[in-house]
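**Q** According to TrEMBL, the record shows the following:
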- 441-468: coiled coil (COILED)
- 568-587: compositional bias 'Polar residues' (COMPBIAS)
- 360-436: domain 'Calmodulin-binding' (DOMAIN)
- 554-587: region 'Disordered' (REGION)
- 80-97: transmembrane segment (TRANSMEM)
- 117-138: transmembrane segment (TRANSMEM)
- 202-224: transmembrane segment (TRANSMEM)
- 255-279: transmembrane segment (TRANSMEM)
- 291-310: transmembrane segment (TRANSMEM)
- 322-342: transmembrane segment (TRANSMEM)
Amino acid sequence: MKTPSIANREQISSGCNEEAAEALVGINTDYPRYEMYMEERALTGGNTSRKPSTNSAKHKPNVGYRLGKRKALFEKRKRISDYALVMGMFGIVVMVIENELSSAGVYTKASFYSTALKTLISVSTVILLGLIIAYHALEVQVRLFMIDNCADDWRIAMTWQRISQIGLELFICAIHPIPGEYYFQWTTKLANKNKTMGTEMVPYDVALSLPMFLRLYLICRVMLLHSKLFTDASSRSIGALNRINFNTRFVLKTLMTICPGTVLLVFMVSLWIIASWTLRQCERFHDEEHANLLNAMWLIAITFLSVGFGDIVPNTYCGRGIAVSTGIMGAGCTALLVAVVSRKLELTRAEKHVHNFMMDTQLTKRLKNAAANVLRETWLIYKHTRLVKRVNPGRVRTHQRKFLLAIYALRKVKMDQRKLMDNANTITDMAKTQNTVYEIISDMSSRQDAIEERLTNLEDKLQALQDHMESLPEIITRCLSQHQERVEQRKNFLHPDTAAAQSLQPPHTPTPMFNAPSMQFPHSRPNCFLHRSVPSSNNVAATTYHWPTSPILPPISSRTPHLVPDTHMSSNGSAVNNYTSSNKYGS
């Protein structure tokens with residue numbers, strides 16, 4: 001057994017990596033199978049190189065392509081749903097016309113007209129079934145066929161729940177009166193005729209026509225597909241973020257919130273008409289009284305309103321079932337009607353605020369009046385008991401009684417104010433107050449962040465200023481040293497001989513004349529006193545020294561007149577040098 005080479009190992013590892021990236025949903029993916037690759041490698045001796053297949057060379061659908069396809073499928077599904085509703089309503093209308101004409105005696109069930117109308121109903125039913133199948137096929141494509149879950153096999157979507165739903169819809173829509181004349185024997189107890197048993201031959205069209213009204217569920221589907229909440233991309237995005245499923249229930253709730261009166265009115269009138277017609281079809285073969293549509297409508301109305309006079313009662317189990325269903329629907333519609341009316345009669349938020357303000361104003365006035373009455377009766381009791389010569393017990397008792405009544409009225413007004421305050425603080429007001437507080441806190445937080453940012457900038461600037469201040473002595477020292485060097489250079493330039501003599505002598509501290517302190521001015525040159533580098537009084541020979549004339553600079557007397565020595569003899573015959581200066585010490 002040969003060990004695979006390094007190149008073969010790399011090919012196998014690359015093949016394994018590509019196989020690991022294969023989609024988990026679907027069977028017709030563009031990635032090659034590992035078994036096919038091993039077979040190809042075995043046939044070519046292990047030197048095969050993977051070539052791009054024709055499927056992978058094709059355009060792979062991206063997100064934009066799938067969204068466009070999803071939108072097109074949605075529009076197509078909407079049109080199919082509209083056509084299905086049209087076919088279903090057409091079948092119901094033709095069925096009602098055929099039953100009314102046959103019950104009126106225009107023709108019999110065996111006539112050509114009846115057969116033609118039933119054939120038309122059958123054709124519309126077949127078309128309806130095809131549209132329902134097409135609708136569910138598009139729904140599978142929209143939801144699971146390379147759109148939502150990127151699945152390429154439609155059988156993945158066929159769960160038992162979906163299969164049951166499709167089967168139930170096909171069964172409901174497939175029920176219709178078939179062409180031909182077929183009767184069955186219907187025996188029932190007649191409640192309006194002393195409970196006698198009655199048997200009649202009833203056509204099968206009655207049993208097959210009434211379930212056709214179940215096709216009206218298609219109206220809810222069309223309402224859902226044409227709703228702005230379902231078709232608008234922004235509303236669907238917001239609903240998806242809030243985990244809301246846009247279904248028929250949500251659309252009906254929205255309609256009940258927007259226009260509850262219209263929805264209830266349409267539902268109640270439709271239910272009244274349909275229930276009356278179906279009750280008439282069930283009862284007209286056994287009792288002539290129910291053959292009149294107005295009597296059937298009267299029975300449905302009093303049953304719907306839960307009155308039940310009992311003057312007209314159904315005889316068959318079909319009629320009784322319709323009456324029970326009507327009573328249940330009536331109870332639900334009555335509850336909804338009460339809720340809608342109470343909502344309409346309820347005050348709005350602005351009206352509640354106005355009402356609460358007016359009530360609070362009235363209670364405040366009543367509170368002031370009650371407090372004034374308490375004070376008045378207190379004064380009158382004190383007056384009639386202490387400030388009169390003769391106390392009248394009857395009048396005192398009267399004022400005491402009024403005093404207690406005023407106290408009770410004051411307590412009642414305070415209790416009414418508490419109740420008004422409790423009623424004013426509703427959940428809506430609390431939520432609004434919470435939102436207001438949240439906005440205020442958010443504003444304060446943003447301002448605090450701005451202040452913190454400004455403080456941070458100020459701290460940075462103070463830190464930079466402190467760094468400059470710390471470096472200032474060093475800069476001043478360096479500047480002073482440079483200035484002193486320049487002064488020394490200038491002094492050496494002006495007095496080269498004296499500089500040469502001082503360079504040979506050790507440095508000494510000069511003694512200022514007239515025993516004056518050595519004054520050093522801050523703006524003057526450092527370590528430079530009032531005297532310059534001039535021969536001192538101890539050096540007598542220096543007194544007769546004459547400064548050399550400079551070919552460039554003016555005479556010394558004109559440049560530094562305060563430094564020109566003034567030589568004169570003292571009383572003891574010694575030479576004394578005095579400096580001519582405008583600033584003399586000891587003056």
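Even glycines carry a Cβ here, placed using N, Cα and C.
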**Q** With pairs closer than 6 in sequence left out, are the transmembrane segment (322-342) and the transmembrane segment (202-224) joined by 3 or more CB pairs under 8 Å?
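**A** Contact criterion not met.
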**Q** Should anything in the same chain at least six residues away from the transmembrane segment (80-97) have a Cβ under 8 Å from its Cβ atoms, list it; otherwise answer none.
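**A** Same-chain contacts beyond the ends: 117, 120-121, 124-125, 127-128, 131-132, 134-135, 138, 173, 176-177, 209, 212-213, 215-216, 218-219, 221-222, 225, 277.
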**Q** Reported in the order helix, strand, coil, what are the DSSP residue counts of the domain 'Calmodulin-binding' (360-436)?
**A** 69 helix, 0 strand, 8 coil
